[in-house]
Amino acid sequence: MSKIFVFGHQNPDSDAIGSSYGYAYLKRQLGVEAEAVALGTPNEETAFVLDYFSVNAPRVVESAQSEGVNQVILTDHNEFQQSISDIKDVEVIEVVDHHRVANFETANPLMMRLEPVGSASSIVYRMFKENNVEIPKDVAGLLLSGLISDTLLLKSPTTHASDPAVAEELARLAGVNLEEYGLAMLKAGTNLSSKSAEELIDIDAKTFELNGNQVRVAQVNTVDISDVLSRQAEIEEAINSSIKSNGYSDFVLMITDILNSNSEILALGSNTDKIEKAFNFVLENNHAFLKGAVSRKKQVVPQLTESFNV
């Protein structure tokens, strides 16, 4: 069998990198020639993780076929618009994910492992256990980081009942204190001062097709929402430019306070009435407070989907 690429979504976060790194390692242990690659450079949080566990960043690829690869495994995503550029021209043989299934179709049967847990890394951990393969320290560290990132250290409503035990076991294998390491990791991802507005709105952004509309939903983590809002003018300029160049109908930016577990929603586009209806708030100067919201997957995208489909 020729080489298989394993990768997470575009604009990769710690779970996209961690789950693909871990699953590629597991596949190699099971005799498959698999390489973890990335669809973008690591963000600051993930760079902290890679440095902490002395792991080289996976190489960034633009397409699979240009690398002579025709079979791929997706982790932490399944929607084609979030995947590699030539996704429709290669064979997807496996998916390991914890998101909704949408805009996904294959010509052949495949293995899909979908679970409503806190992270794709949580699923990969279970697959190690099921195959009786030991998890080395670096893999444990990256899987743990993916889980911490996606659940905001187990505080997000996306946290599954099984996730705390998974986190404790991975922390033990990685040789770290869960709380101390988790907080340091999350804080590393809140350093936004060096980011341009264009970079800031693309750190962690995904496009969703909602009733024929291409809606971009981005998220940045911070310890002070006002710091981000102080740059509102340049952020809005970057958003409007992105809307125009990419054909988005709307752009929603979640500015998430990781210490107090709240978000400010900044929204621009042609369907702001639907965005207001989704969250039962009124945008003032294009933004509004959303108490208790920290999860794009559970507290933003489903609400937008329902509102746009009415």
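Using N, Cα and C of the backbone, Cβ positions are placed for all residues, glycine too.
Annotation source Swiss-Prot lists Mn(2+) 1 binding site at His9, Asp13, Asp76, citing sequence analysis. The DSSP secondary structure for Asp76 (Mn(2+) 1 binding site) is coil.
Annotation source Swiss-Prot lists Mn(2+) 2 binding site at Asp15, Asp76, His98, Asp150, citing sequence analysis. Under a cutoff of 8 A between CB atoms, and with a sequence separation of 6+ in the same chain, the neighbours of Asp15 (Mn(2+) 2 binding site) are Gly8, Asp76, Ser119, Ala120, Ser121, Gly146, Leu147, Ser149, Asp150. A helical conformation is recorded for Asp15 (Mn(2+) 2 binding site) in the three-state DSSP classification.
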Output the one of His9, His98 that, of all these binding-site residues, has the highest number of other Cβ atoms within 10 Å of its Cβ. His9
How many other Cβ atoms are found within 10 Å of the Cβ atom of Asp150 (Mn(2+) 2 binding site), counting all protein chains shown? 29
Using Cα coordinates, what distance in whole Å links His9 (Mn(2+) 1 binding site) and His98 (Mn(2+) 2 binding site)? 12
List the other residues in this chain whose Cβ sits within 8 Å of the Cβ centroid of the Mn(2+) 2 site residues Asp15, Asp76, His98, Asp150, in sequence order. Gly8, Asp13, Ala16, Ser19, Thr75, Asp97, His99, Gly118, Ser119, Ala120, Ser121, Ser122, Gly146, Leu147, Ser149
